[in-house]
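Trainee: Let me give you the structure first, and then I'll get to my questions.
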Amino acid sequence: MTLHLTRQGATLRLRQGRLLLEEEGREVAGFPARQVRSVALWGNVRLSTPALVFLLRQGVPVFFYSLEGFLHGVAGAYPDPHPAHLRAQFAAEGLPLARAFVVGKLRSALALLERHRLPEAGGVVEALARAEGASELERLRGAEGEGSRVYFQGLARLLGPYGFGGRTRRPPRDPVNAALSYGYALLLGRVLVAVRLAGLHPEVGFLHAEGRRSPALALDLMEEFRVPVVDQVVLSAFRRGLLTPSHAEVREGGVYLNEEGRRRLIQLFEERLLEGVSHPLGFRKPLGETIEVQAQRLKAALLGRGRYTPFYLWR
């Protein structure tokens, strides 16, 4: 069970084996503590010290998000990266791994565009060929950027009626971009936990620039799952009327999901992670588990135990 707590001003407490959400001294929700697998606190939601200590001892990750969808960080009882894993990360040839992340992302983008018979698929094919043949990191990044730009042009054909004309961020400028940004924050939290559980250092990456407090490796691995998880959820939600422009609001110079919009997107995101998908290597698992599998396979590749194969939509 994943708890997403969005009730502003509420406090999560531990009492007699249950996690209780209280507001002004009044219990508004209760959960069996040992059935909780992760907790996400959104905005001004507090956590008592006994509850935090219990969650840490149980190895339950606690995500701290802003209401706008910025991931402040994750608390969890994770061991430090294994020295052998850390040495392997620093010693690895980065370009092949960076290429794998980009190729996975662009192949999923191509699959989605082809599924909807959008003409922008041709542009993604060209970007994919450039990425596969890139001999330098900057050229690879250029191919990824061009492929993403064309891909979002294709999505604009499907989502234009909802104000979407292309990807905008910091701040998002329309309801679709608001949902995408919020969904990517959710996804980053999941990938970050998977990387840590694999015993890897999340700040030592290969595609994204490294920087203090920047989870470069988690951002790298996340590229494979943007389209299959977040983009598909957002596209389906707007086209089915589960999300509408009424679920967003203008504030602080941008457009952000309102409380009901956040609640709906969180539910759809969690449901998507439970859906089974076929991996290019032939096995089938829920998407949430596939994220963890890819982190473990990345570790194996870094330790010289096999070649890394990215995940992507292929059928």
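Here the Cβ of each residue, glycine as well, is placed from N, Cα and C on the backbone.
OK, Swiss-Prot features for this one:
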- Glu144, His208, Glu223: Mn(2+) binding site (BINDING)
Trainee: Please give me the CB contact count at 10 A for His208 (Mn(2+) binding site), counting all chains in the structure.
Mentor: 19
Trainee: Enumerate the residues of the same chain, Glu144, His208, Glu223 excluded, that satisfy the criterion Cβ within 8 A of the mean position of the Cβ atoms of the recorded Mn(2+) site; list them in sequence order.
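Mentor: Other same-chain residues near the Mn(2+) site: Ala98, Phe101, Val102, Lys105, Arg141, Leu207, Leu219, Asp220.
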Trainee: Around the Cβ of Glu223 (Mn(2+) binding site), how many other Cβ atoms lie within 10 Å? Please give the count over every shown protein chain.
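Mentor: So the Cβ neighbour count for Glu223 (Mn(2+) binding site) comes to 23.
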Trainee: When a 10 Å sphere is centred on the Cβ of Glu144 (Mn(2+) binding site), how many other Cβ atoms does it contain?
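Mentor: Its Cβ shell of radius 10 Å holds 24 other Cβ atoms.
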Trainee: Where does Glu223 (Mn(2+) binding site) sit by DSSP, helix, strand or coil?
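Mentor: For Glu223 (Mn(2+) binding site) - judged by DSSP and reduced to three states - the answer is helix.
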